[in-house]
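Note sheet for the following structure.
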Amino acid sequence: MKSLILLAILAALAVVTLCYESHESMESYELNPFINRRNANTFISPQQRWRAKVQERIRERSKPVHELNREACDDYRLCERYAMVYGYNAAYNRYFRKRRGTK
């Protein structure tokens, strides 16, 4: 019984020390931390937005070979299942690479 009371007291002390609400947890005094779209769009200028879109298009055009192989494998269900077990490289080699001796 004494150990149960001691355990309850230790648990209560742990709750008090760990759940203490300090001033640091109240750093933001705003009631609503979210902003509307108009104010959110003022952070990035239209020029930066345009530049980001252009860079994204360039990245889409010049994808690495392994990513193109993975996308090809994702479109074919058997290849995708095989890839879940053996990996995308092995699956692509099995289903899409030309076999030796065939033209």
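Cβ coordinates come from backbone N, Cα and C, glycine included.
Since the structure is predicted, the reported quantities are computational estimates derived from the model, not experimental observations.
Taken straight from Swiss-Prot:
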SIGNAL    1-19  signal peptide
MOD_RES   E21  4-carboxyglutamate
MOD_RES   S22  phosphoserine
MOD_RES   S25  phosphoserine
MOD_RES   S28  phosphoserine
DOMAIN    51-97  domain 'Gla'
MOD_RES   E56  4-carboxyglutamate
MOD_RES   E60  4-carboxyglutamate
MOD_RES   E67  4-carboxyglutamate
MOD_RES   E71  4-carboxyglutamate
DISULFID  C73-C79  disulfide bond
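Positions of the features from Swiss-Prot, shown on the structure.
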residue	record	CB count, 10 Å
E56	4-carboxyglutamate	10
E60	4-carboxyglutamate	8
E67	4-carboxyglutamate	10
E71	4-carboxyglutamate	11
C73	disulfide bond	24
C79	disulfide bond	19
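Between the CA atoms of C73 (disulfide bond) and E67 (4-carboxyglutamate) there is a gap of 10 Å, rounded to the nearest whole number.
Distance between Cα atoms for E60 (4-carboxyglutamate) and E67 (4-carboxyglutamate): 10 Å, as a whole number.
E67 (4-carboxyglutamate) sits 15 Å from E56 (4-carboxyglutamate), counting Cα to Cα.
Secondary structure of the domain 'Gla' (51-97), assigned with DSSP and counted as helix (H, G, I), strand (E, B) and coil, comes to 39 helix, 0 strand, 8 coil.
Here the CA atom of C79 (disulfide bond) lies 11 Å from the CA atom of E71 (4-carboxyglutamate). In this structure, the CA atom of C79 (disulfide bond) is 28 Å away from the CA atom of E56 (4-carboxyglutamate). Looking only at the domain 'Gla' (51-97), the predicted model's pLDDT averages out at 89.
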